[in-house]
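Under the heading ATP binding site, TrEMBL lists B:K111, B:K147, B:E184, B:E185, B:L186, B:V187, B:E192, B:N274, B:E275. The domain 'ATP-grasp' feature in TrEMBL is assigned to B:115-304.
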Number of protein chains: 2
Amino acid sequence: MSTSEPAPERAPRIAVIGGGQLARMMAQPAIAMGVPLRLLAEAEGVSAAQVIPDQQVGDYRDLATLRAVTAGCSVVTFDHEHVPTEHLRALAADGVIAHPGPEALVHAQDKIVMREAMARLEAPQPRWAVVESLADVEAFGLPCVLKVSRGGYDGKGVWVVRTSADAAEPLAAAERTGVRLLAEELVEFRRELSALVARAPSGQAAAYPVVATLQVDGVCREVIAPAPDLDESVAAGAQQLALRIAGELGVTGILAVELFEATTPDGETCVLINELAMRPHNTGHWTQDGAVTSQFENHLRAALDLPLGSPAPRARWSVMVNILGGDDDLGEVARLYDGYPHALARDPQLRVHLYGKDLRPGRKVGHVNVFGDDLEDCLERGRHAAAWFRGDLGNHSE
Amino acid sequence: MSTSEPAPERAPRIAVIGGGQLARMMAQPAIAMGVPLRLLAEAEGVSAAQVIPDQQVGDYRDLATLRAVTAGCSVVTFDHEHVPTEHLRALAADGVIAHPGPEALVHAQDKIVMREAMARLEAPQPRWAVVESLADVEAFGLPCVLKVSRGGYDGKGVWVVRTSADAAEPLAAAERTGVRLLAEELVEFRRELSALVARAPSGQAAAYPVVATLQVDGVCREVIAPAPDLDESVAAGAQQLALRIAGELGVTGILAVELFEATTPDGETCVLINELAMRPHNTGHWTQDGAVTSQFENHLRAALDLPLGSPAPRARWSVMVNILGGDDDLGEVARLYDGYPHALARDPQLRVHLYGKDLRPGRKVGHVNVFGDDLEDCLERGRHAAAWFRGDLGNHSE
């Protein structure tokens, strides 16, 4: 249902496909910018549907639904990367331009297409190959990482394969779903980095400081901005790499280039491309409180081809810690909201972002941002607050 | 109409009465906090109604309407100060607590009640008297300022009276509307200041830095935070005064104490209370980008009796400049949105807040925030951007 009358056309309207927390967090800068959003939510009451009045509920895989939700919108952007390429081409023919566009977006949808493009660009990446059989995997060499080319996220669709037996599950999964499999060298990395850039259709681009990210079981847990002890030339090189990829692939909006920081055989520090994402990204949530212009605002500015805002940091250090549901059974009594009294009283500078979701094991339900001059202090405060909200420090709902 | 199904009770729901830009700007921290708002808007499509899904349209002077919109809400707060006291008492009897409550709010609704309370608190204020006739005005002494005790705003309901003839219009207006008139000494002030505090029902309070405000024709034009060249003891005294007033009157939420900075007969700098406001205030808009916790977030935290966030500034200087419609006839072609390309390209650090309103003479339609180390630079950037958006620097819609 469309829940509001069409407003007078004070500004272009942006369609957003997908009702998760990324769309929810786009709503905040859209309010400040005076730019209306129209949401396609996968169900009533999901995260972004709680906060965007102009919304429809439907299936993003259905072209008629996409046409209905984008009617009257100048541009369409995304909470996720799953909208079929052919639908985006059909919308463009209707005059609704997608940011990022289908030709760019496919590199975030299909890991094999991405690896091929990075090879063409001679961008640094792990050794890789398309594999179809156990023989292919063994020929590639073990240990390795197997990934489905499409549809994986947050560690799902990724397997570390140390023995031939380990390859059985991914090979069967690929056979069952018809998705191609990619083998990648198991990189011995020092840590993971992320280079986040925004790029507008005009070609203007802005690079955020390169951050260090801690991933646990394939899920982002913590981000430190800027990455501590990162060689300046490596940091600048990673920014230039992300800007070059954004330009060469014609990305519009936010591009996150997830990187491994590794060491070459000669002992030099290098970066290798792990993944690309073309939307506001978990490794950029720190920018909401730590940068002059947040990734969400710059994503919207880029979609509208407006000049981008400064990506400069506002504090010496910014730390983001995700609030994830734990394995323990918190039951239905745990309300994230009940974490506020202690968390806010302990740290009056804490910035909390909750997504309107219930706390369930492994689910991203919010994050906290902390900034300051002392990194250890920021980490302690951020970790304490996130642990408190997830109930690790005692069940706060009692 | 209520536009969404009742969400699962993840957090208390806050009813907000009034659909102006103050309610609109509460929506941003509410999204981050995971706290749902329910809006009573005076008409469809007004500023806050564009961005808050759960809304009803109706008249805030009607108790049945207020009961309908607050049903299921723990607390109610306000975009404006016009909700009748007796209705707030009735809601409290239903279990819906108003922040600020009726006993506090009356001091922002009625200037005579406010002056009487300030006198009881021995708080510094201009000489004043209730006047009912020309003889009363002449006995008070000319020149003076006459004000209606209720219903004035943004310079409306305020007259500078230099001759007996000048008193005719306010006396007639008071007679016609049945509102009482207040005479105040015409203070020769150096400048206007504002002391903004947040106070929670628990009694916890937080004081923002005292700011300097430039008012033109009774309308806030610019704010500088902190007030330049303000004596430290005067600044601390103004903060303590605002905290004392908030405590003594039992204010919950934001209290803005608008002050005159003046000189005593002995040549000492002093402050005199001009007005009280009990809601997020134009003189606190700089906190959105210039303070750790914005006034809008602290207003919501106070309404929920959550610990308040730090009011500390994040930059040496913050400047807010309002975007007001000018006297010139910009016609219907002027879209504020069309100011973006130049304004954002000229100043990548500029923070723009538009209210979803059309540009009309004298109307507040947005503001810009600028922060930095150099006050003159901040002022130039803020003034340029605001002038550009209002069309003073050439009609940007062409």
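Cβ coordinates are placed from backbone N, Cα and C, and glycine is handled just like the others.
In the three-state DSSP reading, B:K111 (ATP binding site) counts as helix. Long-range neighbours of B:E275 (ATP binding site) (same chain, six or more residues apart, CB within less than 8 Å of its CB): B:K111, B:M114, B:A256, B:V257, B:E258. When secondary structure is read from DSSP and collapsed to three states, B:E275 (ATP binding site) falls in the strand class. When the neighbouring Cβ atoms lying within 10 Å are counted for each of the binding-site residues (B:K111, B:E184, B:L186, B:E192), the highest count belongs to B:K111. Taken residue by residue with DSSP, B:L186 (ATP binding site) is part of neither helix nor strand, so it is coil. Residues B:K111, B:K147, B:E184, B:E185, B:L186, B:V187, B:E192, B:N274, B:E275, recorded as binding ATP, reach a greatest CA to CA spacing of 18 Å. Residues belonging to the domain 'ATP-grasp' (B:115-304) score a mean pLDDT of 95 in the model.
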